[in-house]
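K.L.:
Below are the features listed in TrEMBL for this protein:
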- 108-129: transmembrane segment (TRANSMEM)
- 141-168: transmembrane segment (TRANSMEM)
- 189-209: transmembrane segment (TRANSMEM)
- 268-286: transmembrane segment (TRANSMEM)
- 292-313: transmembrane segment (TRANSMEM)
- 351-372: transmembrane segment (TRANSMEM)
- 392-414: transmembrane segment (TRANSMEM)
- 426-444: transmembrane segment (TRANSMEM)
- 450-472: transmembrane segment (TRANSMEM)
- 484-509: transmembrane segment (TRANSMEM)
- 542-627: domain 'STAS' (DOMAIN)
- 733-759: region 'Disordered' (REGION)
- 747-759: compositional bias 'Polar residues' (COMPBIAS)
Amino acid sequence: MTESRDVEHGLDLTPRLSNTSSIYFPPNASTAGSKQYTALQPRDTTHSLRSQWDESVGHGIRRLVRTVQRHALVPHLSTTDMTDKLRHDVKHSTRFYWQNLLVFQREMLCGVAAMLLMIPETVAFSYAANLDPLNGLYATGFLGLTVSLFGGVPATVAGAAGAVAMVMPTITSGTGSLAYLTYEQRLQHLFVAVTLAGVLELLFGLLGLSKLFSMIPRTAHIGFLNGLALMMFISQKTTIEVCKDDAMRFGKCEIAGDLEWMSASSPTTWVTVGLVLVTMGIMHYFPRTPVVGHLIPPTLVAALVGVGFEFGINRPLLGYDVRTIGDTSPLSGGLPTFAVPKFGDVQDWGVVLSTAASIMAVGLFESLMTLQSVVDLKKEQLSQTATRKECIAQGIGNVLCGFFSGMGGCSMIAQSNGNILNGARHRLSSFMGGVCTFLVVFFASSVIELVPVACLTGILFVIVIHTFYWPSLKLIFRVKITDAIAIVLVTVLAAAMNLAIAVIVGVIWQCLVNGWQSGHLLTFRTGMEVVPVVNAQDRAADHELLTNHEEAKVYYIKGQLLFSSVASFREFFDLLHDPNVVILDMRDCVFADFSAAVALREAALRYCDAGKTLVARNLDPQSLDMLNHDFGWDAVEHIQIATPGTATNGDDLAKTKIEQEQSPAREEITFRARWREPGKAGWKSSKPAGLSDDFTYVIPGKKNTGGVRGRDYFAGKEGLTKYLDKIDLDQAAKAQDVATPPPAEPLQTSACALAATTT
């Protein structure tokens with residue numbers, strides 16, 4: 001004899017094997033509802049190579065395409081539409097500033113102030129990246145223009161940023177990964193990396209992937225800032241170094257790695273240190289000066305004081321020359337030349353690609369932090385559209401830098417905040433900053449050469465002080481040990497290796513910690529219920545089905561089932577002492593990953609081997625969808641079955657050990673079976689009149705084969721017709737306490753055939 005099984009309101013996890021006994025959970029008249037069934041066992045069929053490819057790789061490609069289509073909200077504009085939009089924006093901006101001349105004047109002055117603030121720092125960051133200052137100034141000009149026109153938040157200032165500059169010595173340094181190449185070859189490798197970084201940023205914006213940066217935890221933010229500050233501080237050691245060969249310029253000596261420390265007994269050393277300290281004092285105290293402190297950038301004042309001291313006092317009177325920008329490497333100002341990066345000459349793609357990814361990651365991270373800081377100052381809210389536009393603007397700017405010998409960069413926090421505090425609110429201020437940068441390069445490069453390098457170091461030291469998150473020194477002793485480790489880990493890796501790698505490691509560390517902690521939050525409680533069951537004995541003999549009531553143990557699982565909680569989940573079960581029917585109530589449990597599905601399957605196999613029935617119920621749609629997706633279970637059938645735990649007899653209700661949890665009704669999925677009345681031709685898509693709704697006939701159809709597949713299998717329409725001819729519909733309508741399941745031979749298989757249902 002054989003038996004088949006159906007389960008009400010749940011997921012039948014017990015394998016169906018031939019020549020074994022099984023239990024049928026009948027529908028209940030009072031609680032019938034729509035349920036969703038999913039066959040968790042793939043079809044036992046022979047697959048061709050093409051079908052296997054389609055079900056694996058092809059399925060993954062289709063999912064990727066759907067994801068891109070869902071998240072990539074790129075406006076489909078024709079060239080004419082874009083031209084019309086640009087023309088409209090220009091007209092609107094012109095009309096606005098014509099009607100608000102005071103706003104126009106303020107924006108222009110803020111743009112000039114932003115340029116004066118950026119140029120000294122750009123030169124300093126260029127030296128930190130082992131580049132000519134012109135490479136940094138070109139980048140500041142191009143990024144200033146593109147971000148002002150296409151960026152996500154108006155008044156954001158962009159240029160050659162310190163965070164990006166700290167990544168570049170991997171390629172440009174004489175002691176870096178490409179030290180065996182000449183400086184010109186290393187420079188070409190850098191331009192290729194900057195161009196690729198721009199392309200990656202464009203893809204991030206077009207595909208809407210900027211939201212991924214919201215996953216970066218606060219501990220990684222703090223470590224990023226601390227590591228960036230340490231990297232900038234270490235990069236300024238060249239200020240107190242000199243060239244071993246007095247006949248060579250400092251820039252060439254630095255490229256060749258032919259430097260040595262200044263002598264502590266040399267007066268030039270102490271004059272240099274003194275100029276650094278004076279610059280830091282000006283940067284700190286000048287903004288507090290009444291009236292003029294808010295009108296003139298302190299960086300400009302520090303540069304002017306340094307030039308005045310060097311050429312008005314030091315060189316003519318003291319004779320202790322402090323190295324200037326012109327002494328390091330002369331600036332040959334002029335228009336940037338267009339040159340396609342030499343992709344074909346790249347000798348180490350690994351270094352180039354890793355540097356490009358680092359520039360992209362660090363640049364976008366600092367840019368999005370800048371946007372958040374700017375909108376906070378403006379009392380606004382940062383939108384996803386703004387972050388996507390910023391990624392696109394950064395990508396355009398860096399691609400231009402790669403083609404016009406720029407070092408690349410991103411939005412800059414300090415300069416953007418200063419622009420907002422100066423009163424800027426619109427795009428004109430940052431646009432004028434880029435224009436003025438190019439004007440200075442074209443016509444005033446000789447003036448920039450006069451600035452002492454010690455002034456630039458003093459400016460950077462102040463930036464370092466404001467960048468480092470000083471409360472973290474106290475914070476690491478107050479927060480959890482895992483958070484303290486994350487802060488220290490990101491800080492050390494950023495200073496020792498790479499900012500992008502440090503942030504990625506910080507995110508991975510936090511994910512592991514959260515996974516471990518979430519795994520220990522999974523709990524359970526048990527209870528007993530009396531559930532109606534039907535022993536379907538020898539259906540082939542057409543025996544009458546009798547409803548019985550059997551005591552079942554219920555495991556109420558609460559929490560998140562994922563890879564780190566699977567071990568705890570396995571320990572919940574008492575397989576030896578559990579009754580024949582066991583129910584998993586998953587109302588308060590969420591499946592998080594593939595390991596959860598495997599754990600559920602393993603539990604079903606263990607109960608199957610013990611000859612017991614395992615049923616899961618209250619699977620939410622998200623978890624059920626995840627199960628179907630991960631295992632690729634192909635059959636989804638919707639039927640109406642009743643909720644377990646409610647007996648049809650009043651005496652049986654008294655036997656219930658615990659009261660079933662109440663919850664709001666979930667969205668029901670209806671299924672309309674096909675019916676044929678005796679003596680009449682044709683099929684109906686609903687129940688015939690006179691058949692009570694208290695009955696549920698499980699006969700769902702299978703579209704792709706023409707057969708009928710439910711908890712049992714029929715030999716196409718002919719087998720179903722023979723079965724329906726045996727049913728006396730008039731007698732079935734009168735028997736209100738009997739539900740008639742469809743009899744059929746069970747599936748002959750040696751594997752587990754599992755079916756899922758959710759309320």
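Just so you know, glycine gets a Cβ as well, placed from its N, Cα and C.
Nobody curates TrEMBL annotations by hand; they come from automatic prediction.
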K.L.:
Same chain only, please: residues at least 6 beyond the ends of the transmembrane segment (141-168) with a C-beta under 8 Å from a C-beta of the stretch. Say none if there are none.
P.N.:
110, 114, 118, 121-122, 125-126, 128-131, 135, 190, 228, 231-232, 235, 355, 358-359, 362-363, 365-367, 370-371, 374-375, 378, 382-383, 385-390, 392-394, 396-398, 400-401, 404, 406-412, 415-416, 418-420, 424-431, 433-435, 437-438, 441, 460, 463, 498-500
K.L.:
Can the transmembrane segment (426-444) be said to touch the transmembrane segment (484-509) if we require at least 3 CB pairs below 8 Å and skip pairs under 6 apart in sequence?
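P.N.:
Result for the transmembrane segment (426-444) with the transmembrane segment (484-509) is no.
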K.L.:
So which of 108-129, 351-372, 392-414 is most in touch with the transmembrane segment (189-209), counting Cβ pairs under 8 Å?
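P.N.:
Counting Cβ pairs under 8 Å, the winner is 392-414.
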K.L.:
Count the CB pairs under 8 A between the transmembrane segment (392-414) and each of 292-313, 351-372, 450-472, 484-509, then give me the winner.
P.N.:
351-372
K.L.:
Taking residues 6+ outside the transmembrane segment (108-129), which of them lie with a CB under 8 Å of any CB in it?
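P.N.:
Sequence-distant neighbours of the transmembrane segment (108-129): 135-137, 139-140, 144, 155, 157, 159-162, 165-166, 168-169, 172, 232, 235-236, 238, 296-297, 299-300, 302-303, 325, 328, 407, 412, 415, 418-419, 422-424, 428-433, 435-437, 440, 448, 451, 453, 455-457, 459-460, 463.
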K.L.:
Per the 3+ Cβ pairs under 8 Å rule, pairs at least 6 apart in sequence, do the transmembrane segment (292-313) and the transmembrane segment (268-286) touch?
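P.N.:
Yes, since the transmembrane segment (292-313) and the transmembrane segment (268-286) share at least 3 Cβ pairs closer than 8 Å, they count as touching.
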K.L.:
Give the mean pLDDT for the domain 'STAS' (542-627) on the 0 to 100 scale.
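P.N.:
Taking every residue of the domain 'STAS' (542-627) together, the mean pLDDT is 80.
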K.L.:
Looking only at the recorded stretches 268-286, 351-372, 484-509, which one has the largest tally of CB-CB distances under 8 Å to the transmembrane segment (450-472)?
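P.N.:
It is 268-286, which has the most Cβ pairs under 8 Å.
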K.L.:
State the non-local partners of the transmembrane segment (268-286) in its own chain: residues 6+ outside its ends, Cβ under 8 Å from one of its Cβ atoms.
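P.N.:
Answer is 239-240, 262, 293, 296, 298-299, 301-302, 305-306, 309-310, 314, 318, 320-323, 452, 454-455, 457-459, 461-462.
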K.L.:
Could you break down the residues of the domain 'STAS' (542-627) into DSSP helix, strand and coil, giving a count for each?
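P.N.:
Secondary-structure breakdown of the domain 'STAS' (542-627): 32 helix, 32 strand, 22 coil.
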